[in-house]
Amino acid sequence: MHLGGTSAFFIAWLANFKLLMFAFGNGPLSDPSLSLPRFLAIACLPIKIQQNPPPNSQKPQNKHNPNAPSKACKKGQKSILNYATKGLLIALLLRVYDYSDYIHSKIILVLFSFHLYFGLEISLAISAALARILLGFELEPQFDEPYLSSSLQDFWGRRWNMMVSRILRPSVYDPTLIFSTRILGRKWAPLPAVISTFLVSAVMHELIFYYLGRVRPTLEITWFFVLHGVCLVIEIAIKKAVNGRCRLPRIITTPLTVLFMMVTGFWLFFPPLLRCKADVRGLEEYAAVGAFLKYVAKIVPKGAIRLMTFVPVVYLFLVLPLSLHSMHLGGTSAFFIAWLANFKLLMFAFGNGPLSDPSLSLPSFLAIACLPIKIQKYPPPNSQKPQNKDNPNAPPRTSKKGHKSLLNYATKGLLIALLVRAYDYIHSKIILVLFSFHMYFGLEIILALSAALARAFLGFELEPQFDEPYLSTSLQDFWGRRWNMMVSRILRPSVYDPTLRFSTRIFGRKWAPLPAVFSTFLVSALMHELILYYLGRVRPTFEITWFFLLHGVCLMIEIAIKKALKGRCRLPRIISTPATVLLVMITGSWLFFPPLLRCKVDVRALDEYAALGAFFKDVSQSLTFKSFNATRVMYGSFKSVV
């Protein structure tokens, strides 16, 4: 289904139309400067060379920096992270389809429409990327976020599959426009040109559906495009009659446009697809790809050979966060992808880690690789001792450890909002203390959201990420059992265990954990320095490295003292907990926070919060004003008519 539909779109439709235009000396193939490879690429792929205006006609968009590139050149061009996110969303949608028996069929159709859009955009982006790499083209975008369309004219003409619009305009629209101008005049000539363009598009879509299903067409697709053509003609006629005097705000037009697309798509577009079982065949092809990848993972021996196959992905994950300059988005993606995902892939290369589970499906594999989650491992039923003597069948308490209510996270979100407001009125030393709580609350909420998404889309019961670290009784308790346990679970099999096995041969089993702890903190320090570089783009001062090495040495001393005392002397919690929290606070204020403050992480975070608040404030005020203005104009028009 994927290969047949793609080749039908690329060759039977676009390539043939380009050749027909070339026969009359028009279209993208008529450029006499094209070499043979470029001619073939433009003919067979949905691409078009970027047409940049001459330098003299380019007006600088930035008054402060006239040499900055114009916004028009960048419109619609998206980062690799954008397409990677949409690929992950497709994987999550595939997992959701497994629960289609419990989801309303209309909701499945909504999800399928997004699936179709994401798949089309990624396919066209891959084709454009191949042409860029092999032929050196700077290519025009194919989509421009069609779910933000404010009208049918905006959707079909400027946002949805713009390559088709650029092919249909010179091949169908312009000739019909020239002909109808002689009969209807210039004002109304676009109306039959639009109808003819949609009619040709309908016929080509019917042809593609025939390639997919090999069944006799029911012409529902044709009626879908004819209906949209008629509605677009009415929309253009109304705009010409009103002449820009009355415009509805985007908050009304965008949902109406998307809703109209959804309703007409469910009514006329998707039923032929579902009758030829395109959804079932698509899922079967995804399952076949997943089975193939599992087979490849089995036949590619773990070790250096498998590691070499992952090197391009590891490099991509290290480069992706550099395209984000937002502190929140950049830091989060750096932590999720550049650190955790890369470490999981490195462990998988040697047959270890959470990705080595042979029962994982492809969507589960991608989600566990890219998100800070891990499937909850429960002990076998025979080994679970009932915690409730009155009810032996009750689940053990250990299964709920660390899980918190929605009210808990809502409270922490409210505390973040209060802290942001309090920074303007408090001494700088106290701000460092508050900033540590701010960072903890923010990390916990982000990780909890990731876990909630994985639970909702993949059905995982997930292990907790934090367990109230401000209640730690020791550094071992803080770093090993309470603070960011996902990092602990990644560093243990990737750094701690290999170092422990190696050092056991030298120091023996009793003291081998000490160098293993030190090496784990060293690796953690280097990864934190990398994340700090993503945030600030400044040369590292290695203060964060010294922070983690100091804690590693202190933890080694703590372990050595515990081994020497053998549990004979323990401080009460009322002393050990404040001492532990105080040590983390003092060393953090001394070594951890200064590099963050020097690259103005706190200022940029507050700026982002302020920008977000200002955005919502401006949107609400603008929409209120536009709604009032539109209502006043409509009332005036109605009054004059009456």
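If you go along the chain as it appears here, the first residue is 1 and each next one adds 1.
Note that Cβ sites are derived from N, Cα and C of the backbone, with glycine treated the same way.
As the structure is a computational prediction, the values presented were derived from the model and not from experiment.
Listed in TrEMBL for this protein:
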- 6-25: transmembrane segment (TRANSMEM)
- 53-73: region 'Disordered' (REGION)
- 58-67: compositional bias 'Low complexity' (COMPBIAS)
- 109-135: transmembrane segment (TRANSMEM)
- 140-226: domain 'Wax synthase' (DOMAIN)
- 188-209: transmembrane segment (TRANSMEM)
- 221-238: transmembrane segment (TRANSMEM)
- 250-270: transmembrane segment (TRANSMEM)
- 303-322: transmembrane segment (TRANSMEM)
- 334-352: transmembrane segment (TRANSMEM)
- 379-403: region 'Disordered' (REGION)
- 406-424: transmembrane segment (TRANSMEM)
- 430-454: transmembrane segment (TRANSMEM)
- 463-549: domain 'Wax synthase' (DOMAIN)
- 511-535: transmembrane segment (TRANSMEM)
- 541-561: transmembrane segment (TRANSMEM)
- 573-593: transmembrane segment (TRANSMEM)
What are the DSSP helix, strand and coil residue counts for the domain 'Wax synthase' (463-549)?
69 helix, 0 strand, 18 coil
What residues elsewhere in the chain lie close to the transmembrane segment (430-454), defined as a C-beta under 8 angstroms and at least 6 residues from its ends?
92, 332, 336, 367, 371-373, 404, 409, 412-413, 415-416, 419-420, 422-423, 460, 462, 464-466, 469-470, 484, 486, 584-585, 588-589, 593, 602
The transmembrane segment (541-561): which same-chain residues, six or more beyond its ends, come within Cβ distance under 8 Å?
474-476, 479, 511, 513-514, 517-518, 520-522, 524-526, 528-529, 532, 583, 587-588, 590-592, 594-595, 598
Are there residues at least 6 beyond the ends of the transmembrane segment (406-424) whose Cβ is under 8 Å from a Cβ of it, and what are they?
431, 434-435, 437-438, 441-442, 444-445, 448, 602, 606, 609
Who are the chain neighbours of the transmembrane segment (303-322) in space, where the CB to CB distance is under 8 Å and they lie at least 6 residues beyond its ends?
79-81, 84, 297, 330, 333-334, 337-338, 341-342, 345-346, 348-350, 534
Counts by DSSP class (helix H/G/I, strand E/B, coil) across the domain 'Wax synthase' (140-226):
65 helix, 0 strand, 22 coil
Along the domain 'Wax synthase' (463-549), what average pLDDT does this model show?
89
